[in-house]
Amino acid sequence: MDITTQNPTSPPASRPSEVEQKRAARAATRPGDRVFLALSRGSGVFLLVLMAAIAGFLTYRSALALSENEANFFTTFEWNPTGNPPEFGIAVLAFGTVVSSIIAMAIAVPVAVGIALFITHYAPRRLAGPIAYVIDLLAAVPSIVYGLWGVLFLVPHMQGLYGWLDDYLGWTGIFEWQGGAPRSLFTAGVVLAIMILPIITNVSREVFRQVPQMHEEAALALGATRWEVIRMAVLPYGRSGVISASMLGLGRALGETMAVAMVLSPAFTINASLLDWGGGTFAQNIAAKFSEASVMGRDALIASGLVLFVITLLVNGTARMIVARRKEFSGANA
Amino acid sequence: MSHATLTDKRPGSLRGATLPKWFPWAVAAGSIALGIGISAAAGLRSSIQWGLIAAVLFVLGTYGIAGRVEGRRQAKDRVVTSLVWVAFLLAVIPLASLVYETVKRGVKVLDGYFLTHSMGVVADKDPGGGIYHAILGTLQQVGIATVIAVPIGVLTAIYLVEYGRGKLAKAVTFFVDVMTGIPSIVAGLFVLSTWILILGMGASGFAGALALTILMLPVVVRSTEEMLKLVPNELREASLALGVPKWRTILKVVVPTSIGGITTGVMLAIARITGETAPLLMLVWVTDFINANPFSDAQGSLPVYIYLQYSAGGEAAYDRAWAAALTLIAFIMILNLAARGIARWKAPKTGR
């Protein structure tokens, strides 16, 4: 230890330059070192190859399906890959995925930011720790359980809310309810919101916790109320973190399969009303149609999966770019 | 409530008028009573409406009274405080309900028999049967995925922390991050298009394990990377200064120092993939029988079992689905708690 503590005091001139370091490293490599470096670098390269392979093979299978497709892939409202000629498109799926994710985000983001603020700034000290811990654990509950709970417990309990929305907001057309079972995109969105709540909360909480104490104390010293502290010190500091947390949540909502597949009562239609059953999402459609699909049908589903892959890639990539600007935290472990 | 306004208004006092501590509770009680009164008088049936009216009254009441006594800034502060509390309660209700329902409905058929028998000869509508085949399948599939993902993941993390400089390391970091967000169904489709459609292999537990590997890898890399970064540089330098080769330094000094954190990360990753359903549904298919060979034919697994029992419908099947869900959650929670326990117990000692 003594040697290392003396190190910083030695003159910088004794430190080898980068070029020298490289040369020294090359000269000093032993067989063990070389093997180990190759192994670990190989693993890294393997990951890159894997990502490329995922994109490549999905594209290849999609191309097989799309070359047969007689209809426009992006604007067709039908899914009939076994027909003669095969016609299928993702318009309905894109609509359903976007709508359910928007509903999920609209509910989850404000609530999650609220809980994160609650844990970091409002809850009694003794409660804050355990609450954060429990929400951490809830992030690990598998989606199939959310789906089971959603369809067997939440769906019957949505009747009242549906009636209320229809009574008071039915005139907008968006919340018109014909009285069917409440297994619509709206319910799917609510289940998604509950699912992504823990992850958005966890990441936002981490960000809020990293707000410099000085900023908050300075605001308090100027006589700010707690809300003013949050508005002037906490939120501006944590904004990019909250945005990337939301995008991580969005990425999860877009790709969620089983919970949506169980809650939604699918039909290949686009409804003006969110409360009518029908619609579908990319992931849900793949899970629902897969078991009966022919080879052509599978390739068509792979094509829709490729679209989902690209969308989540863009969303997550953007979230990571925002996070990367602040190196101190990362949502990957949340 | 007007008597509350009489507190401390002496001129020259440094503090402005403040409302007593019980003020929010009083307003809450008042607005709930008023809300119930109004709803009952108007003959509204939905309890959601009652709650909504009470909530609106609460916010307005708080703002109005606090605004008159304490000033607008304090009033705003109080409103936000109540909104934050509302957000918290709003989130707690579904999450608590999820846990409560699963436990309540799950314990009905969960016993020793349930854990040690398969569904082999049990019709969907009949009671009885169990999840032995599903537990077996889940353990094997997750086990295989772990065996593949952990060495690759840890080595990648070692590369990133110990060797990684330049473009390659940056690319790996970025794509590991992006990979965390791959939907499980896309991972399933990838294995389907290569392993099954192109290589012509049949559905098996191993195919499912491959998809789980893809989902597990980035999580292992990320958490291991974080842990390796926590190892103090002095340890590496001391070892290198003694003439120990770099690879032995990494294996004998760096990794052992952070082994607790790495274990935690791996366990959390296992917990995450244990609940994956969609890829297994398309790669492992479904069976009610015990299949101890993960390399051929369909296998059961806990998440898929839940889905199957739900799809079968009927009271007996729903009971089994809940019981399996409870087993799955219990397994994941135990893994999580154990992982956190290890993390606390073996936290890297960064101080001297």
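Heads up, the Cβ atoms here are built off N, Cα and C, so glycines get one too.
The feature domain 'ABC transmembrane type-1' is assigned by TrEMBL to B:135-339.
Annotation comment: TrEMBL describes B:22-42 (among others) as transmembrane segment. When Cβ-Cβ distances below 8 Å are used as the criterion, the transmembrane segment (B:22-42) is approached by residues 1, 4, 49-51, 53-55, 57-58, 61-62, 65-66, 78, 81-82 of the same chain, each at least six residues removed from its ends.
What TrEMBL lists as transmembrane segment is B:48-67 (among others).
Long-range contacts of the transmembrane segment (B:79-100) within the same chain: residues 24, 55, 58-59, 62-63, 329, each at least 6 residues beyond the stretch ends and with a Cβ under 8 Å from a Cβ of the stretch. As annotated by TrEMBL, transmembrane segment applies to B:79-100 (among others).
Residues 169, 172-173, 176, 205-206, 209-210, 212-213, 216-222, 224-225, 228-229, 250, 254-255, 262, 266, 269-270, 273-274, 294 of the same chain sit 6 or more residues outside the transmembrane segment (B:142-161) yet have a Cβ under 8 Å from a Cβ within it. Among the features that TrEMBL reports, transmembrane segment is placed at B:142-161 (among others).
The transmembrane segment annotation in TrEMBL covers B:168-190 (among others).
What TrEMBL records for B:196-221 (among others) is transmembrane segment.
Summarising the annotation, TrEMBL assigns transmembrane segment to B:253-273 (among others).
What TrEMBL records for B:321-339 (among others) is transmembrane segment.
Between the transmembrane segment (B:321-339) and the stretches B:168-190, B:196-221, B:253-273, Cβ pairs under 8 Å are most numerous for B:253-273.
Listed by sequence, the residues of this chain that lie at least six past the ends of the transmembrane segment (B:253-273) yet keep a Cβ under 8 A from its Cβ atoms are 142, 145-146, 149-150, 153-154, 158, 162, 212, 215-216, 219-220, 222-224, 226-228, 230-231, 235-236, 239, 244, 332, 335-336, 338-340, 342-343, 345-348.
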